[in-house]
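Here is the structure we will look at, set down as structure tokens.
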Amino acid sequence: MTGHQTGNQDLTQRWQGALMNNYGTPRLPLVRGAGTTVWDAEGRAYTDFVGGIATNALGHAHPAIVDAVSKQIASLGHVSNLFIAEPPIALAERLLQLFGREGRVFFCNSGAEANEAAFKIGRLTGRTHVVATEGGFHGRTMGALALTGQPAKQDPFRPLPGDVTHVPYGDAQALAAAVTDETALVIIEPIQGENGVVVPPAGYLKAARAITAATGALLVLDEVQTGVGRTGTWFAYQAHEGVLPDVVTLAKQLGGGLPLGATVAFGRAAELLGPGQHGTTFGGNPVACAAGLAVLDTIEGEGLLENVKRQGEKLRAGIEALGHPLVGHVRGAGLLLGIVLTGPRAHEVQQAAQEAGFLVNAPAPDVVRLMPPLNLRDDEAGALLQALPGILDAGGDGRSGE
Ligand code: PMP
């Protein structure tokens with residue numbers, strides 16, 4: 001907190017005078033958090049089902065994160081890439097163990113950056129063509145934006161890095177038709193988060209693996225939103241049989257609130273980046289990596305994969321059982337859920353939820369997204385279910401974010 005702290009309206013005004021307006025006016029200034037609860041500048045509490053957009057894996061102020069970060073910053077801060085430190089080594093070893101495969105990890109600071117590294121790894125195959133999906137989201141830097149399949153976000157910035165073909169998501173035939181012997185990589189989200197929690201048909205990832213294997217293209221899975229326990233397995237693809245990607249990109253909840261991204265490569269993809277070919281000053285930062293280790297240890301130690309499955313099912317079944325006329329169905333996996341509405345009322349629902357003390361998000365006009373911390377409690381899920389009929393009945397307006 002700054003000595004300058006004021007109410008919601010004052011903070012919003014100061015924000016307008018000091019920060020770029022690239023996100024549009026924010027919904028609410030938040031000043032404190034504990035677990036799944038956050039407080040605004042006027043002391044009002046909210047149960048946070050946005051979770052920093054699937055980022056606060058353990059909620060706010062989890063003792064394991066506080067302790068790991070405090071100890072690390074008190075002993076060794078940043079070392080640069082000219083030296084090595086233990087935390088990134090330990091985190092890479094731990095990630096590879098969770099993947100159950102040999103590989104190599106490149107650490108960075110965000111999802112976009114993790115995908116940039118994957119893009120460059122693809123170029124080092126000697127091929128340039130990339131296949132990505134319509135509606136897909138991979139980040140806002142120029143390379144990641146070229147992979148993203150959302151023209152409204154891309155158009156003002158063309159020309160973007162080229163030779164990218166976008167195909168309809170979930171359509172294995174379209175994918176097979178687009179991938180050639182010249183294709184360097186195919187990048188796919190196991191579930192399209194930003195596009196509204198879109199789940200592909202069963203067998204899609206397996207088909208993508210077979211198609212890429214047949215032509216020698218790398219299969220890159222963007223698990224920035226789905227990875228690290230979000231969907232009830234360590235990585236979303238692990239729920240699908242017969243899918244072994246060449247590259248997996250991670251960020252968001254890997255750092256448990258600290259900026260931490262990772263590009264994890266296996267097999268020949270792990271050998272492509274050579275000395276001097278890529279880097280980022282903060283990549284492998286010991287403090288961020290210490291937080292990452294605390295996240296993984298806590299997910300394991302507190303049985304959070306089970307919790308994700310249990311709370312996710314409870315929410316899904318509970319929301320569908322409401323039988324509310326505005327609810328079509330609920331899609332997603334684990335604690336990445338999209339409530340698909342029967343009309344374009346997601347912004348109104350988001351606003352009504354906020355007024356009722358729950359933060360949710362509207363990635364599409366007819367989809368309300370839930371992505372709370374992985375340690376969401378029974379009573380917190382229950383409180384949302386209880387409040388939801390009133391929230392769905394109410395109206396208002398709001399905005400989306402990523
Ligand atoms: N990939 C996916 C699947 C994402 O959901 C996001 C962020 N919403 C990104 C990449 C970009 O991550 P970052 O904002 O950390 O750059």
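Just so you know, glycine gets a Cβ as well, placed from its N, Cα and C.
Per TrEMBL, the features are as follows:
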BINDING   Gly111, Ala112, Phe137, Asp222, Glu223, Val224, Gln225, Thr281  pyridoxal 5'-phosphate binding site
BINDING   Arg140, Thr280  N(2)-acetyl-L-ornithine binding site
MOD_RES   Lys252  N6-(pyridoxal phosphate)lysine
Spatial neighbours of Arg140 (N(2)-acetyl-L-ornithine binding site) among the binding-site residues Ala112, Asp222, Thr281, using Cα within 10 Å, are Ala112
Cβ under 6 Å from ligand 1: qualifying binding-site residues of Gly111, Ala112, Gln225, Thr281:
Gly111, Ala112, Gln225
Under 8 Å by Cβ from the residue listed as 'N6-(pyridoxal phosphate)lysine', same chain, sequence gap 6 or more
Gly52, Ile53, Ala54, Thr55, Gly111, Val224, Gln225, Gly227, Val228, Arg230
Across the record's pyridoxal 5'-phosphate-binding residues Gly111, Ala112, Phe137, Asp222, Glu223, Val224, Gln225, Thr281, the largest CA-CA distance in angstrom?
25
Looking only at C-alpha atoms, tell me how far Phe137 (pyridoxal 5'-phosphate binding site) is from Thr280 (N(2)-acetyl-L-ornithine binding site), rounded to the nearest Å.
22
Long-range Cβ list for Asp222 (pyridoxal 5'-phosphate binding site), cut-off under 8 Å, min separation 6+ in sequence, same chain only, gives Gly111, Asn115, Ala118, Gly136, His138, Ile187, Ile188, Glu189, Thr249
Secondary structure at Ala112 (pyridoxal 5'-phosphate binding site), reduced by DSSP to three states:
helix
Here the binding-site residues are Gly111, Glu223, Val224, Gln225, Thr281; the one whose Cβ sees the most other Cβ atoms within 10 Å is Val224
Other C-beta atoms that fall within 10 angstroms of the C-beta of Phe137 (pyridoxal 5'-phosphate binding site):
26
Once DSSP output is merged into helix, strand and coil, Asp222 (pyridoxal 5'-phosphate binding site) belongs to strand
Quick check for the class: what is the C-alpha distance, in angstrom and rounded, between Glu223 (pyridoxal 5'-phosphate binding site) and Thr280 (N(2)-acetyl-L-ornithine binding site)?
20
Could you list the residues of the same chain, at least six apart in sequence, whose Cβ is under 8 A from the Cβ of Thr280 (N(2)-acetyl-L-ornithine binding site)?
Cys108, Asn109, Glu113
Out of Ala112, Arg140, which has the highest number of nearby Cβ atoms, where nearby means within 10 Å of its Cβ, if these are the binding-site residues?
Ala112
